[in-house]
Amino acid sequence: MNIKKVNLLDLNREGLRAFFVELGEKPFRAEQVMKWIYHYGCEDFDLMSNVNKKLRQKLKECAEIVAPEIKVEQRSNDGTIKWAMTVGDQEVETVYIPEKDRATLCISSQVGCVLACNFCSTAQQGFNRNLSVSEIIGQVWRAAKIVGVTGESGKRPITNVVMMGMGEPLLNLNNLIPAMELMLDDFGYALSKRRVTVSTSGVVPALDILGDRIDVSLAISLHAANDTLRSQMMPINDKYNIADFLAGVKRYIAKSKANRGKVYIEYLLLDHFNDSTDQAHELAILLKDTPCKINLIPFNPFPGNDYQKPSNSRVDRFNKVLMEYGYTVTVRKTRGDDIDAACGQLVGDVIDRTKRTMKKRLQGENIAISAG
C-alpha cells in the first residue's frame, strides 16, 4: 500500500512543528529542515547533514519537497525572466524583475481568474482552481533556485514578492496566508512585511479577514474613479463598489504597520478610456481622504483585446494633474517588452499551443478510426 507523502512546502512553521511531533520527533526539527528547504533550496533529505540518519530515512518514506516545474522560460534583454510553471496538469505564470536595488518576484495565486476584468489576459482563460500552499510558495522556491540561493549570508536573490500574477489572491486566503507566513518567517525567506505585497481587485470581506490574520503591504486595483466606469471594466464593482472598497482599505491600513499608514493605488491607463485630465482630477478628489501612493500603469496590449496603450504625453498629463494635488505618483516602467508583456499572456500562449496539439492529435485519431 502506497502512503501519500506530505509535501513539506504545504506546511508553515506551525504546521511543520506539528508534523514532526506526529513523527515522534522534537518540534525544533521543523526549523532545522526549513533552513535546508528555504535558505539552501534543498529538496534531497540525504543532503540535510545536521539531521540524523534515522530521521532522514523516515522523511524519505513519508514526506517530499515538490515545487512547480518550469515548462517555458522567456528571458528579456533587460534581465526580466518570465516562466510558465506547471501546477498539476496546468500552468501559472511567475515573473522575476531585477532592478539596481531590488529583485521582485511576481507570483500567481490561482489557475486563471473568476473576476473577468475586461482588460486582463488571465481573465480570458476563465477560472480553474485555487493554488495550494506549496504551489504558491513553490514559485518562490523554484525562482530562488534558478536565480541563485545564497544561504545564510550574501545578497538575496529575491528581495520583494508581489501577489500580482494570475488570479485574485483574496479568493484564496486559506492557502495564501500560510504561504506568506513562509515568506516572512526567519526560517523561510525572512522578507520584511513591507516587501511582501498583496494586490486585490476589491473582495472586501476577505480584506477584513486578511487584516486580522497577517500584516503585509496592500495594493489595490482601482483603475477608475467612478462606479459606472469601474463596473464596465471590473464586474466585481457591482458587488463591492468603490466606496465599500475604500472603506475596507482604510480599515486594513488602520491595522497594518507594513503599509505605514498608506495604501498603494494601482491605476491602469487605457488610451482614451480612463486617462483624460478630467478623470485625473476625478481620481484626485476621490482619494483625498485615503492616504495613498499612486502607481500608474500604461496598458500592455495583447491579442484579442481592443484596449490600447496611451501615448507618453497622455500619461504625463495624467501624472501631472495628480502631482499638482500633492500625491506621490510613480509610472510603472515597461519591463520585458521583448517578451510577452501582459500578465497571463505566456500561459495563454502555452494553453493555446496545447489546445492546437490536442486538436491535431484528436483529428489524427479520428482519421485512424475512420481508416480502420
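Note that Cβ sites are derived from N, Cα and C of the backbone, with glycine treated the same way.
For reference, Swiss-Prot has these:
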ACT_SITE  GLU93  active site, proton acceptor
DOMAIN    99-338  domain 'Radical SAM core'
DISULFID  CYS106-CYS343  disulfide bond
BINDING   CYS113, CYS117, CYS120  [4Fe-4S] cluster binding site
BINDING   GLY167, GLU168, SER199, SER221, LEU222, HIS223, ASN300  S-adenosyl-L-methionine binding site
ACT_SITE  CYS343  active site, S-methylcysteine intermediate
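This view paints the features noted in Swiss-Prot onto the structure.
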residue	record	Cβ contacts under 8 Å, 6 or more apart
CYS113	[4Fe-4S] cluster binding site	CYS120, THR122, ALA123, GLN125, GLY126, PHE127, MET166, GLY167, GLU168
CYS117	[4Fe-4S] cluster binding site	ALA123, SER201, SER221, MET233, MET234, PRO235, ILE236
SER199	S-adenosyl-L-methionine binding site	VAL162, MET163, MET164, PRO169, LEU218, ALA219, ILE220, SER221, GLU266
LEU222	S-adenosyl-L-methionine binding site	ARG230, ILE242, PHE245, ILE265, GLU266, TYR267, LEU283
HIS223	S-adenosyl-L-methionine binding site	PHE119, ARG230, MET233, MET234, GLU266, TYR267, LEU268, ASN274
Report summary line: Spacing of the two Cα atoms, ASN300 (S-adenosyl-L-methionine binding site) and GLU93 (active site, proton acceptor), in whole angstrom, works out to 16
Report summary line: Here the Cα-Cα span from GLU93 (active site, proton acceptor) to CYS106 (disulfide bond), rounded to a whole number of angstrom, reaches 9
Requested in this report: Check the binding-site residues SER221, ASN300 for other C-beta atoms within 10 angstroms of each C-beta and report the one with the most.
Outcome: SER221
Report task. Report, as a single number, how many Cβ atoms besides its own are within 10 Å of the Cβ of CYS106 (disulfide bond). Result -> 23
Query - Reported mean pLDDT - the domain 'Radical SAM core' (99-338) - result: 94
Report summary line: Row GLU168 (S-adenosyl-L-methionine binding site), column other C-beta within 10 angstroms, all chains, value 24
Report summary line: Cβ neighbour count within 10 Å, max among the binding-site residues CYS120, GLY167, goes to GLY167
Query - Local backbone state of GLY167 (S-adenosyl-L-methionine binding site), from DSSP in three classes - result: coil
Requested in this report: Grab the S-adenosyl-L-methionine binding residues from the record (GLY167, GLU168, SER199, SER221, LEU222, HIS223, ASN300) and give me their largest CA-CA distance in Å.
Outcome: 19
